[in-house]
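> Structure incoming, see below.
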């Protein structure tokens, strides 16, 4: 075992002494050493329940014949960090998390890892570490929050109800009392935000990839089932160490295609494009951005999930969860191994039935195409991403007038000040991985558009990204980004922009000659942040179309 490096032989006397200083008995010295990477924090509702799950994982490890050690991993809440300087840090923490897990596991020669995670960037960061290390690992996602409850049976969703409520209040649609009800009821307790936002989408994709146990992706944070899954994951990691089953044997090209199809079928968060590309890179799997669009054209959307639809995670779990989606997709799914031991199709076949009001059959899809589309054009020669499941039929094709802003903050001020009107295309740039830096989420602007009643008359394009809670005609991940000299930085107020999602096209209607003249005048702006982690990040991060990964090149 890897841990023999620190437990066996005369030369390791000092190492054993230090381990015994933690309370480790001599009798446990030869057992598999299992690291429990926990992202517990009481700053985030998605992570406040992890102390309980830690105990169940620990019990499982010891029942399985291993010896466990806890180590801490940071977590950032995208909701709390939204709309201010904090959002610059969200995506970069994904890289920090992967590096921290790698560092602790390698420094202490751990034999296997249980990765306890939940919210947006923590789960992909953990998966990136697992793929990079390629030692036995299993993921436990802490589970979704229950929907909020209001008067007359109303259900509240944190993302759609609170962020859009601000704009509705500003527009006079709701009063002080209703705004207060939203705030009080939107988050009833522990768990990740209730709809198919980034955290829950990534939990579902983790299960689909085979890196967590069945139902882990949808079992509610408050459920006893989640605790049993945590215990079983602790037991299972010891078996994985003994059998030397490692992540790269699970994270194959076919497994990634399964994850993309499930993502498309559910209408999941567009952030998953960034994360799956990054995880695939760590796993040594070639996964071009175009793969998402190729699969979208042949994978219908089978569920109508909040934020764009009516169903919450609690509904999806009861309807059949990930296994239910796999079952409905049928032959579109590859039969891949999972950490549980059963194959993907064996897990799907074990499900007795599916609630087809929630997870539709292929014969009766919600939409003919999957939830994510990849666009190209003279604004985005290396690609852009739109969550088409959240776009109304009216806005699938749209021509409008450019209104340009060089930051999210300036765009928000204009929207809330009534400057943006129907027929506009809001262009938010210099918010990409390098330019942001950190590729901030644009939930506040998109929620403002919906709340102000402009969702069917204004489009938004950006080299930043969007929250899983975003809905409406919002195109992100534009590559190359403005800070790298991308064409989005050459658009001027008054230009005509043509969006055609069915044709996968996004263009500014000016000639190549005009764009060349503008490029000759373009000057790269000064970095917004010149010291600290974000300054270093901006120098090494790649484009959105490659997953916004950091490289040594």
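The backbone N, Cα and C atoms fix where each Cβ goes, and this holds for glycine too.
This is the feature table in Swiss-Prot:
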| type | residues | note |
| --- | --- | --- |
| BINDING | 78, 120, 121, 441 | Mg(2+) binding site |
| BINDING | 119, 193 | [2Fe-2S] cluster binding site |
| MOD_RES | 121 | N6-carboxylysine |
| ACT_SITE | 467 | active site, proton acceptor |
> Whole-number Å distance between the CA of residue 119 ([2Fe-2S] cluster binding site) and the CA of residue 78 (Mg(2+) binding site)?
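Here the two Cα atoms are 8 Å apart.
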> Using C-alpha atoms only, work out the spacing between residue 78 (Mg(2+) binding site) and the residue listed as 'active site, proton acceptor' and round it to an integer in Å.
8
> Listing them in sequence order, which of the binding-site residues 121, 193, 441 have their Cα within 10 Å of that of the residue listed as 'active site, proton acceptor'?
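Checking Cα-Cα distances against the residue listed as 'active site, proton acceptor', the binding-site residues within 10 Å turn out to be 441.
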> Between 119, 193, which of the binding-site residues has the fewest other CB atoms within 10 angstroms in the structure shown?
119
> Would you kindly give the Cα-Cα distance separating residue 193 ([2Fe-2S] cluster binding site) and residue 120 (Mg(2+) binding site), rounded to the nearest Å?
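Here the two Cα atoms lie 10 Å apart.
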> Taking 10 A as the limit, how many CB atoms besides its own sit near the CB of the residue listed as 'active site, proton acceptor'?
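For the residue listed as 'active site, proton acceptor', the 10 Å Cβ neighbour count is 28.
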> I need the CA-to-CA distance for residue 193 ([2Fe-2S] cluster binding site) versus residue 441 (Mg(2+) binding site), whole Å please.
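Each residue's Cα considered, residue 193 ([2Fe-2S] cluster binding site) and residue 441 (Mg(2+) binding site) end up 16 Å apart.
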> Name the residue among the binding-site residues 78, 120, 441 whose Cβ has the smallest number of other Cβ atoms within 10 Å.
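Counting other Cβ atoms within 10 Å of each of the binding-site residues 78, 120, 441, the minimum falls on 78.
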> For the recorded Mg(2+) site, whose residues are 78, 120, 121, 441, find every other residue on that chain with a C-beta no more than 8 angstroms from the centre of their C-beta atoms, and list them by sequence position.
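Once 78, 120, 121, 441 are set aside, the remaining close residues are 76, 77, 81, 90, 91, 119, 198, 199, 271, 467.
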> Residues with Cβ closer than 8 Å to the Cβ of residue 121 (Mg(2+) binding site), same chain and 6+ apart in sequence?
76, 78, 90, 91, 93, 94, 97
> DSSP secondary structure for residue 441 (Mg(2+) binding site), reduced to helix/strand/coil, please.
strand
> Which of the three DSSP states, helix, strand or coil, fits residue 193 ([2Fe-2S] cluster binding site)?
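Reduced to three states, the DSSP call for residue 193 ([2Fe-2S] cluster binding site) is coil.
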